[in-house]
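Peer 1: So that we are looking at the same thing, I have put the structure below in structure tokens.
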């Protein structure tokens with residue numbers, strides 16, 4: 001049976017897989033590092049309810065009805081939760097008699113099942129949270145909505161995805177442990193919404209393989225490319241209309257995160273005299289020095305985290321080796337963006353790639369360029385505050401799905417706490433931007449995807465990649 005009743009409000013009943021939820025109404029007093037040590041009540045990771053007083057402040061992202069909690073990754077009502085589960089478990093294929101853009105509301109949601117399922121997928125409902133047997137207990141505890149390409153959505157809506165999954169299972173039997181609603185990708189690269197696995201871990205002493213990973217930035221206006229980041233419906237507000245206040249404990253935890261950050265300008269020299277022609281080798285060496293400094297700052301950051309004493313050194317090593325590229329990319333897009341897109345862009349402008357470099361540039365590099373340009377544009381529009389950056393960084397770092405962790409459940413609770421705190425802060429600070437929090441969170445899986453794709457970009461192509469990205473970003477911002 002699915003857990004439909006909201007847990008008791010207060011102390012330990014507000015946990016779960018997290019998402020666009022509120023934290024418990026009143027958190028217990030924090031211990032020495034600002035975190036409570038209590039075990040939160042175990043909830044069905046596929047669907048999490050919230051207390052009545054909190055739920056009244058939310059509306060379903062699918063139909064606008066009263067939301068009862070986080071279901072399969074997004075805030076939704078009981079009706080849409082059940083509809084999505086039945087559709088995926090029963091592999092239903094619907095048809096729309098109109099233009100596939102039917103209005104979704106509480107009164108009209110049953111008129112077109114096709115458009116209802118389509119919106120569930122577009123808003124990020126997570127099929128991996130549905131067990132193949134339909135019982136409670138999600139197969140994947142990834143927090144928040146997932147990103148699905150338009151092509152994959154079309155395969156699901158047409159039934160092609162279900163047919164491929166059936167064929168896959170018939171060929172592989174029980175050796176494949178993925179849910180029939182969520183066939184694991186056979187590609188060597190993670191999908192945009194996938195979690196980082198140990199196969200992508202990079203040894204700390206080998207960060208020269210920084211090659212692949214980082215520094216997202218970019219933006220030309222002619223780029224209409226949107227890499228599957230979903231825009232949330234304007235008529236499905238996430239926030240209550242009344243003014244809110246920020247909980248003192250949330251403020252304290254955010255302050256602790258900010259205290260752990262090194263927000264001083266980067267020390268790597270990036271100034272160069274006019275007229276000097278930068279070579280490929282010189283630019284690559286500069287990129288490596290930047291990666292060195294940024295990585296060092298991430299290591300120092302970990303040691304200052306308020307929950308540092310609560311996790312083992314083994315877990316921290318595992319987390320850092322699996323996420324450091326993403327942390328560097330996130331920081332480059334936010335707190336260090338002025339230097340990266342200013343001073344570094346000026347250096348890359350003095351580098352002229354050869355015809356051979358241009359000719360040999362890979363398709364993987366082109367995809368990374370396009371995604372970085374879009375992501376930079378997204379961050380530039382959002383104007384992420386230091387507080388939001390600190391929370392996003394902690395959320396991304398505390399990835400309980402990484403293999404080899406000894407305290408995955410504790411990581412999940414820490415992740416959820418900062419997820420809720422970030423949501424509280426954005427709702428308090430940006431009351432007129434109801435979609436701001438989901439917009440921020442949807443950037444994280446894209447950062448992971450870009451970091452993974454950069455692994456396939458040859459080292460010698462990085463100088464050209466950064467030149468194109470930084471030039472595009474700086475040029476487009478200058479025109480605004």
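Note: Cβ is positioned from N, Cα and C throughout, glycine not excepted.
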Peer 1: With the ranges 18-38, 39-59, 60-80 to choose from, which does Swiss-Prot describe as zinc finger?
Peer 2: 60-80
Peer 1: Report the residues of the chain - excluding 96, 102, 112, 115 - with C-beta within 8 Å of the mean position of the site's C-beta atoms, for the recorded Zn(2+) 2 site, in sequence order.
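Peer 2: Same chain, not in 96, 102, 112, 115, Cβ within 8 Å: 97, 98, 100, 101, 111, 113, 114, 116, 118.
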Peer 1: Tell me the Cβ neighbour count for residue 112 (Zn(2+) 2 binding site), meaning other Cβ atoms within 10 Å of its Cβ, over all protein chains shown.
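Peer 2: Neighbour count, Cβ to Cβ under the 10 Å cut-off: 21.
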Peer 1: How does the zinc finger (60-80) divide up by DSSP, counting helix, then strand, then coil residues?
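Peer 2: Residue counts for the zinc finger (60-80) by secondary structure: 3 helix, 7 strand, 11 coil.
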Peer 1: At a 10 Å cut-off from the C-beta of residue 115 (Zn(2+) 2 binding site), count the other C-beta atoms across all protein chains.
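Peer 2: Neighbour count, Cβ to Cβ under the 10 Å cut-off: 21.
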Peer 1: If you count CB neighbours within 10 Å, which one among the binding-site residues 96, 102 has the smallest count?
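Peer 2: Candidates: the binding-site residues 96, 102. Fewest Cβ atoms within 10 Å: 96.
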